[in-house]
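Asks: Annotations per Swiss-Prot:
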{"type": "BINDING", "residues": "19-26, 81-85, 136-139", "note": "GTP binding site"}
{"type": "BINDING", "residues": "T26", "note": "Mg(2+) binding site"}
{"type": "DOMAIN", "residues": "10-204", "note": "domain 'tr-type G'"}
{"type": "REGION", "residues": "19-26", "note": "region 'G1'"}
{"type": "REGION", "residues": "60-64", "note": "region 'G2'"}
{"type": "REGION", "residues": "81-84", "note": "region 'G3'"}
{"type": "REGION", "residues": "136-139", "note": "region 'G4'"}
Amino acid sequence: MSKEKFERTKPHVNVGTIGHVDHGKTTLTAAICTTLAKVYGGEAKDFASIDNAPEERERGITIATSHVEYDTPSRHYAHVDCPGHADYVKNMITGAAQMDGGILVVAATDGPMPQTREHILLGRQVGIPYIIVFMNKCDMVDDEELLELVEMEVRELLSEYDFPGDDLPVIQGSALGALNGEEQWEAKIVELAEALDTYIPEPERAVDQPFLMPIEDVFSIQGRGTVVTGRIERGILTVGDEVAIVGIKDTTTTTCTGVEMFRKLLDEGRAGENVGALLRGTKRDEVERGQVLAKPGSITPHTKFESEVYVLSKEEGGRHTPFFKGYRPQFYFRTTDVTGDISLPEGVEMVMPGDNIQMVVELIAPIAMDEGLRFAIREGGRTVGAGVVAKIFE
């Protein structure tokens, strides 16, 4: 057992396999674990244990996902693999498994198929920043020209969705060959691991990003002023910092004159901590739940955006009937509901429970948002959908 396994000092990167059904995503996941365990040490995982993915509930949505881990000399990877297409759709939209990069698996025997395209589109919509291609089953194709053709098709398809199709790494391999211990194919898995190490940049840690805290509660403390509480999502809040209050109303700025946690006064609060922030000269009725406290200029409020939405099925506790244009549910962002109008893509009349759909949403009040922000769709407090902001309009 190599000592490396227990050192958590290496950078941690989240990846996952995406691509068409039966193109070998799970076989590749097993091949990566097995080959890298052999080469660098770590724990091998077989196909059956990965394929038998447990169901998880993320915001009431049932998703089957397998989580595996593996190491390269310079990094520790957490990798997600889903058994079914619907699981991928839900996973990507809810952000249940955030990916710093995706491994797109395309069988050389088939080339790009409908779900290949759909996963690339979803990756673009939900903001997967980097994609590496693993062309699988290359041991089944004798014709070198055919391999080149498939590679070209995949690159063109990625470019169509604004990924750098000409420049991203494409590895031609055989997951099954590697799993069976054939050296030429194991070498391709190592090549894939090297591509992960070099092509996907180390993700910026939450604590290094600009400060943001969704406001959950507001108190006024006699003689001290107004305190807002919440969990810091990213960055650091230091006493004396200027902060903006963004969303719902016009943006205002003020100074944080105190940070407290568990009734103790601190100099700062960091990402992941639940804190109270004392705001200078702010009145109790000028701030409300649903707004965010943020580094000035780092985030802006918006009302209109394009989103990718998964509509819960009846079995997941969602609607029993479809909805049509003119539907006006609540959109739950971070800590609060805001009513919004939707418009459906051209030619789409209705949306059935269990569908995923692109829709443009116009909220009745602005919310602090960036592309990639997740939200829930609710009717009277019951979740009926999950979505992600794909593109901001105004």
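Glycine is no exception: its Cβ is also placed from the backbone N, Cα and C atoms.
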Asks: If you count the other Cβ atoms within 10 Å of each Cβ, which of the binding-site residues K25, H85 comes out on top?
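Replies: When each Cβ's neighbours within 10 Å are tallied, K25 tops the list.
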Asks: Is it possible to get the count of other C-beta atoms within 10 angstroms of the C-beta of D22 (GTP binding site)?
Replies: 12
Asks: Within 10 Å of the Cβ of G19 (GTP binding site), how many other Cβ atoms can you find? Include all protein chains, please.
Replies: 28
Asks: Using DSSP, how many residues of the region 'G1' (19-26) fall into helix, strand and coil, respectively?
Replies: 2 helix, 1 strand, 5 coil
Asks: T26 (Mg(2+) binding site) to C138 (GTP binding site): how many Å between their Cα atoms?
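Replies: It is 16 Å, counting Cα to Cα.
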Asks: Just to be sure I understand the packing, how many Cβ atoms besides its own are within 10 Å of the Cβ of C82 (GTP binding site)?
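Replies: Its Cβ has 24 other Cβ atoms within 10 Å.
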Asks: If you average per-residue pLDDT over the region 'G4' (136-139), what number do you get?
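Replies: A mean pLDDT of 98 is what the predicted model shows over the region 'G4' (136-139).
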Asks: Counting by DSSP, what is the helix, strand and coil composition of the region 'G2' (60-64)?
Replies: 0 helix, 4 strand, 1 coil
Asks: Could you break down the residues of the region 'G4' (136-139) into DSSP helix, strand and coil, giving a count for each?
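Replies: The counts are 2 helix, 1 strand, 1 coil.
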Asks: Counting across all protein chains shown, how many other Cβ atoms sit within 10 Å of the Cβ of the residue listed as 'Mg(2+) binding site'?
Replies: 22
Asks: Long-range neighbours only, meaning 6 or more apart in sequence with Cβ under 8 Å: which ones does C138 (GTP binding site) have?
Replies: A108, L147, Q172, G173, S174
Asks: Residue counts in helix (H, G, I), strand (E, B) and coil for the region 'G3' (81-84), per DSSP?
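Replies: Each residue of the region 'G3' (81-84) counted once, the result is 0 helix, 1 strand, 3 coil.
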